[in-house]
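Heads up: the structure comes next, in structure tokens.
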Amino acid sequence: MEGAFAANWSAEAVNGSAAPPGTEGNRTAGPPQRNEALARVEVAVLCLILFLALSGNACVLLALRTTRHKHSRLFFFMKHLSIADLVVAVFQVLPQLLWDITFRFYGPDLLCRLVKYLQVVGMFASTYLLLLMSLDRCLAICQPLRSLSRRTDRLAVLVTWLGCLVASAPQVHIFSLREVADGVFDCWAVFIQPWGPKAYITWITLAVYIVPVIVLATCYGLISFKIWQNLRLKTAAAAAEAAAGAEGEAADWAGRAILARVSNVKLISKAKIRTVKMTFIVVLAFIVCWTPFFFVQMWSVWDADAPKEASPFIIAMLLASLNSCCNPWIYMLFTGHLFQELVQRFLCCSFRRLKGSRPGETSVSKKSNSSTFVLSQYSSSQRRCSQPSTL
């Protein structure tokens with residue numbers, strides 16, 4: 001994530017031998033230097049993030065593909081959010097990892113622009129697909145009869161992806177392959193000085209962080225109010241029913257009136273509340289991971305004396321990518337049956353392969369009495385594989 005849309009500070013030395021992005025001239029004769037110890041820490045952190053993001057989100061997609069409930073609306077949004085997290089891992093974390101290993105960008109100008117473009121596409125997609133999933137949960141709780149249809153879900157996701165592709169387009173113009181020192185080229189940003197970096201980073205912060213957080217907070221505020229209202233009315237209805245037996249018909253009519261008021265919120269089932277809890281934890285992880293990143297990005301462009309080469313400053317920029325690692329584990333926590341089905345299917349199919357490769361099994365199955373037993377046992381194994389558990 002570091003340097004995705006701002007200057008690619010990386011672990012360059014504090015002596016400032018490399019020319020800053022967006023400036024002409026002012027180059028030095030010697031090659032740029034960097035803090036090698038900090039660079040090794042960056043590489044180690046990015047390797048860990050890449051492994052966790054790839055493995056976790058791949059498991060989520062595989063589990064969603066094999067589950068019997070693959071047409072669930074929540075699972076539909078989870079699938080696209082996992083795809084967005086894979087885009088972050090492949091097109092953002094991996095290029096940054098290679099970049100930190102080589103120190104400089106080794107590739108043509110077209111590749112430089114493409115890498116910077118795709119880095120921000122993943123960032124936008126991960127944010128706005130999470131926002132879309134939260135809006136869906138808000139509608140499911142607050143307006144259950146007006147919730148989105150399957151066709152509308154697909155259209156909303158398609159528009160979100162297209163919007164992310166369009167919103168990332170400025171990266172192609174801002175970044176290019178430039179000479180940052182005598183004979184040294186790198187993929188750098190070109191801004192109109194002095195207000196260009198401030199305007200662009202502020203816009204990105206508003207679009208990717210501040211506005212989504214405000215919308216997410218509003219959604220979960222409405223959800224919390226609706227759940228509180230649901231609990232309060234149900235408690236009142238239970239009290240009225242209890243009083244009906246003691247006070248006669250008048251109390252019975254009062255209880256019915258309260259039950260009529262609560263009928264529309266009875267649709268808030270435990271399953272829906274559980275999905276709300278899951279998306280809330282995902283949103284909380286989003287805020288925790290992205291806040292340090294945007295804080296240091298804004299600090300770097302609005303304060304000329306910002307410690308851009310300090311270790312905490314650099315590491316804070318890497319934390320945003322942790323969001324793509326956290327989401328799969330949150331899914332596992334709240335939808336454990338998905339992964340139980342995946343593991344059961346894997347173990348069952350492995351057992352079938354091992355059983356089919358045993359020598360002498362064919363000759364045994366030809367016996368008149370035992371053949372029925374073997375075939376029935378094998379077919380039941382097939383049924384267990386094709387029909388995963390619903391736990």
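Our numbering is plain: 1 for the first residue shown, then up by one each step along the chain.
Even glycines carry a Cβ here, placed using N, Cα and C.
Candidates considered were Cys47, Cys187, Cys219. The record in Swiss-Prot pairs Cys112 in a disulfide bond with Cys187. Relative to the membrane, Swiss-Prot puts Val184 on the same side as Lys308.
If you compare Asn26, Asn369 in Swiss-Prot, the N-linked glycosylation site annotation sits on Asn26. For the transmembrane segment (114-135), the partner stretch with the highest count of Cβ pairs under 8 angstroms, out of 39-63, 203-225, 278-296, 312-334, is 203-225. Take the disulfide-bonded residues Cys112, Cys187: by the count of other Cβ atoms within 10 Å of each Cβ, the lowest one is Cys112. Two recorded stretches are said to be in contact when at least 3 C-beta pairs lie under 8 angstroms, sequence spacing 6 or more; the transmembrane segment (312-334) and the transmembrane segment (39-63) meet this definition.
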